[in-house]
2 protein chains.
Amino acid sequence: MGRKSLKSEHIPKATIGRLAVYIQVLERLKSEGTDVISSENLAQACSVNSSQIRKDLAYFGEFGVRGVGYYVQELITSIKQSLGVDRIWNCCIVGVGNLGRALLRHGEFKSKGFNIKVAFDCDPYKIGEIVEGLEVICTRKTRNLVSEQKLEIGIITTPPERAQRAANYLVEAGIKGIINYAPSRIDVPDHIPLEYVDFIHHFYALAFHINLGRAAE
Amino acid sequence: MGRKSLKSEHIPKATIGRLAVYIQVLERLKSEGTDVISSENLAQACSVNSSQIRKDLAYFGEFGVRGVGYYVQELITSIKQSLGVDRIWNCCIVGVGNLGRALLRHGEFKSKGFNIKVAFDCDPYKIGEIVEGLEVICTRKTRNLVSEQKLEIGIITTPPERAQRAANYLVEAGIKGIINYAPSRIDVPDHIPLEYVDFIHHFYALAFHINLGRAAE
DNA sequence: CAGTGTGAATCTCTTCACAGCT
DNA sequence: AGCTGTGAAGAGATTCACACTG
């Protein structure tokens with residue numbers, strides 16, 4: 001397991017981000033009945049350069065047909081395999097506040113293969129409560145549940161001051177990767193992949209770009 | 001208005017992203033009682049290189065004191081001014097489903113100066129309903145409300161197939177920038193800044209990096 | 001003398017341009 | 001004829017290294 005037909009050793013971080021976009025657009029094209037698409041047309045739909053797409057795909061293999069383009073369904077499958085999202089990933093969430101509940105309610109994760117199987121919280125008033133069909137479990141039981149339920153991805157939705165402790169529990173329990181929705185930086189060992197999701201960051205970027213446009217007038 | 005003391009013409013997109021991180025970390029440092037910090041120490045707390053920080057700040061001015069470092073509160077203020085987030089921004093949300101409600105409930109936006117003043121939806125069953133203190137308004141009234149309420153930022157939380165139409169309404173009404181939480185690409189005129197927030201994208205990246213580590217074993 | 005601010009060097013990513021398939 | 005796959009060129013971002021300042 002874990003074998004991968006990478007043609008190249010290192011893959012740009014930005015490429016991974018774009019592959020997710022390609023999947024999104026390709027799924028829409030598929031649902032609209034498009035069977036084949038050229039890198040040029042896909043590029044337009046994704047607002048990127050067409051050789052960017054060809055290069056991104058070339059990191060993983062040769063998926064196209066010269067003179068023709070890419071078969072949409074085949075390409076979706078290939079990209080998903082390349083990313084390793086062609087299977088179910090077992091996830092847990094730590095912190096059942098507003099944000100945690102919203103994510104549990106959000107159906108997109110499960111439909112894309114990210115199955116949230118366990119919800120943790122350290123608040124005794126919440127423990128035992130049923131949220132979206134899941135019983136809230138005491139955070140101390142992280143170690144047992146991660147191995148019992150084969151949990152791979154931990155989603156942190158605690159308040160910022162408790163995010164580091166949540167991460168520590170998860171790492172100690174043997175989690176394989178972490179997504180941090182709490183607005184604080186956390187430390188994890190180098191071998192644990194970590195992604196930050198920060199809502200405010202996008203608002204700051206937008207505000208800046210709006211001002212920039214205004215200044216140019 | 002809109003004048004800005006930029007020392008440099010173009011600023012890397014990545015710099016803007018990091019400035020948001022610096023603010024986050026600096027706010028924590030401030031609350032912990034730190035008054036002065038060197039670029040080296042701030043760099044460690046943000047997991048970046050220290051000359052990266054100095055260069056990022058240099059795009060906007062000279063905020064440090066040689067031989068000393070940066071005064072934390074002063075630096076927070078300077079960065080916020082540079083980004084243009086030292087004032088209130090009027091926002092509206094289009095689409096009052098699960099996600100829209102969760103964002104309305106999420107207090108962080110308002111506390112950071114992004115005030116969601118109006119909630120739109122096109123579903124007649126939702127129009128008139130009060131959600132988190134806001135009356136849901138018919139999407140057709142976008143034009144009137146954007147000017148009346150001086151709305152600047154539009155947040156799209158519709159289902160993917162309705163995101164483009166929501167964007168059209170907003171642009172036509174004179175909105176200045178858009179954040180799209182719907183999992184679909186949208187087209188807007190070049191002069192309208194646009195940010196995508198895609199939850200699944202981070203899960204894909206994480207899955208890929210977990211597999212990569214596994215493959216190296 | 002500690003630590004900023006910055007030109008120069010390095011590294012990484014993107015785009016071009018075209019050879020090579022189908 | 002048309003479009004992919006890819007080396008080479010170009011653009012952009014990061015890091016180094018040190019002159020300069022409080």
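Every residue gets a Cβ built from N, Cα and C, even glycine.
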Annotated DNA-binding region segment (source TrEMBL; candidates A:21-60, A:101-140): A:21-60
Proximity to chain B among binding-site residues A:GLY95, A:GLY97, A:ASN98, where any Cβ pair is under 8 Å: A:ASN98
Residues of the DNA-binding region (A:21-60) by DSSP state, where helix covers H, G and I: 28 helix, 2 strand, 10 coil
All-chain count of other Cβ atoms within 10 Å of A:LEU99 (NAD(+) binding site): 24
Helix, strand and coil totals (DSSP H, G, I; E, B; other) for the domain 'CoA-binding' (A:84-185): 35 helix, 29 strand, 38 coil
Cβ neighbours within the same chain of A:GLY97 (NAD(+) binding site) - under 8 Å, at least six residues apart: A:THR157, A:THR158, A:PRO159
Candidate with sparsest Cβ neighbourhood (10 Å radius) among A:GLY95, A:VAL96, A:ASN98, A:GLY100, the listed binding-site residues: A:ASN98
